[in-house]
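Student: The structure that follows is given in the form of structure tokens.
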Amino acid sequence: MKNPIIDNIPCVLLAGGKSSRFITNNIQTNKALMPLKSYSSLLEYQYTRLLKLFKKVIISTKKSYELNAPYLLEKESDLFSPLFGIHNAFLTLQTPYIFFIPIDTPLVSFESIKALCGIKNFSVTYAKSPTKEHYLISLWHQNTLNALIYALKTQNYRLSDLVKNTSSVAINFDKEEEFLNLNTLKDYELAVQILKKRANG
């Protein structure tokens with residue numbers, strides 16, 4: 001069955017991170033460019049996959065990639081915080097709600113994303129797995145803009161502080177696996193195995 005497309009909420013793929021813990025052959029590697037399944041990069045995999053669910057997918061990053069897609073460029077070159085991408089997205093897209101997801105969480109199911117996008121009476125609706133809060137796999141409302149501006153002004157880049165100071169709600173999901181974050185090469189290799197298993201299952 002084809003997924004009904006979410007056409008009233010844009011999806012912003014957060015890809016402006018540092019990849020500081022992602023090391024291949026003793027070299028820090030940009031994980032966005034690691035191949036995944038039949039795709040040339042994690043970036044292409046996530047972008048293509050999310051377009052099956054959202055009418056509009058935009059990539060938030062520090063510089064545009066070869067992948068032909070709409071980009072939101074973060075101006076802060078030496079500072080790495082997803083708050084810049086979230087703030088920039090609201091200023092640029094001028095839309096009440098935006099769904100955010102990091103590039104390095106390729107296993108999140110469409111069911112989970114739809115559940116998060118279905119709860120609209122909070123400033124931030126975020127995913128929570130058995131062991132962790134996932135503040136970046138979340139639906140945000142534009143009424144968080146003042147809090148975002150204040151956090152950036154005071155240089156408090158802790159997402160948890162900002163989310164807890166807004167009217168936020170955690171949606172509990174029981175599968176830890178789908179929220180695997182590809183911080184390291186080991187995480188990436190695990191995700192490759194999981195996707196292989198899913199394809200064969």
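Heads up, the Cβ atoms here are built off N, Cα and C, so glycines get one too.
Okay, these came from Swiss-Prot:
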| type | residues | note |
| --- | --- | --- |
| BINDING | L14, A15, G16, K31, D104 | GTP binding site |
| BINDING | D104 | Mg(2+) binding site |
Student: Only counting partners 6 or more residues apart, tell me which same-chain residues put their Cβ under 8 Å from the Cβ of G16 (GTP binding site).
Tutor: S60, T61, K62, E74, F80, P82, F84, G85
Student: Find the longest CA to CA distance in the recorded GTP-binding set L14, A15, G16, K31, D104; express it in Å as a whole number.
Tutor: 13
Student: Identify, among the binding-site residues L14, A15, the residue whose Cβ has the fewest other Cβ atoms within 10 Å in this structure.
Tutor: L14
Student: Tell me the coarse DSSP state (helix, strand, coil) of L14 (GTP binding site).
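Tutor: Strand, per DSSP.
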Student: How many other Cβ atoms are found within 10 Å of the Cβ atom of K31 (GTP binding site), counting all protein chains shown?
Tutor: 25
